[in-house]
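Chemist: Here it is, the structure, as structure tokens.
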Amino acid sequence: MNASRFIFLIGVLSVELIQISIASVVSAGDFNRDFFVTWSPSHVNTSADGRARSLKLDPESGSAFASNDMFLFGQFDMQIKLIPGNSAGAVVAFYLSSNQPNRDELDFEFLGNADGGQQQPYILQTNVYVDGFDDREERIKLWFDPTKDFHTYTILWNIHQIVFMVDWVPIRTFRNHADKGVAFPRWQPMALQASIWDGSSWATGGGKDKIDWSRGPFVASFQNHKIDACIWKGSAGFCTAESPTNWWNQGGSNSLTSAQRRLFRWVRKYYVIYDYCQDRPRFKNNLPKECSLPKY
């Protein structure tokens, strides 16, 4: 796909997003109001106006924050700038989780980089947990340097599908095929969370590239979050309704648009480096059922 075609598709996609973004916004960017620190307050720095926050990892500790509210379906956006330079072993995560033993969870995980992106691309892993079971990892190489500027990472989660997006480009879908026996996260409310931690045992180069503490501290930056979602009030009925307030459950969001499908195929063709649905040895030639079902 050439650059002009890519820009055109992004433009079409932007118009579509504006047309459906008619619901009231739960939040539009105050970290102090929307989140609390869950790990190592001394390693969390928030701007005076509450619009920006950073997480630090050093030999003493990692750090994390989580939303005050729990949600059942919605759209969640966060602008993130990753750790510059050699960040091997340092994992930055942005995710939804129900925090239960049999948890549901939707993950963005950035797996560090051994040479600051000079030779090796930055790897982004996504994963889907349902009722405590995962084994649904996918990895892509990013088509830009995520340490130079902020980029928007989005999770759209509704009764029809889950869509992971990078700068509004859909990189992964997970459809609701519960009627065909595929588990789908639809009952457990989840909190929006972010963290930074030492994943040296597995993250970068499959665990070959360990964290080099002399390069630290490692800092990831967050800003301009937007939460447009159904706040959990104890009953799933309101959140699963296809009402004007729950725009994410309506027809316009039940599948990818034509522009999104073209971008999705572009990512799948050029940037996917691991897809569990292609890993037959791992599953002994018995791939999960969703692998043979439509992605949109």
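Just so you know, glycine gets a Cβ as well, placed from its N, Cα and C.
Heads up, TrEMBL stuff is auto-annotated, nobody curated it.
According to TrEMBL:
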- 1-23: signal peptide (SIGNAL)
- 19-222: domain 'GH16' (DOMAIN)
- Glu105: active site, nucleophile (ACT_SITE)
- Glu109: active site, proton donor (ACT_SITE)
Chemist: If you count Cβ atoms within 10 Å of the Cβ of Glu109 (active site, proton donor), leaving out that atom itself, what do you get?
Modeler: 20
Chemist: Show which residues of the chain containing the residue listed as 'active site, nucleophile', separated from it by at least 6 in sequence, have their CB under 8 Å from its CB.
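Modeler: Result: Tyr95, Leu96, Ser97, Ser98, Asn127, Val128, Tyr129, Asp134, Pro185, Met190.
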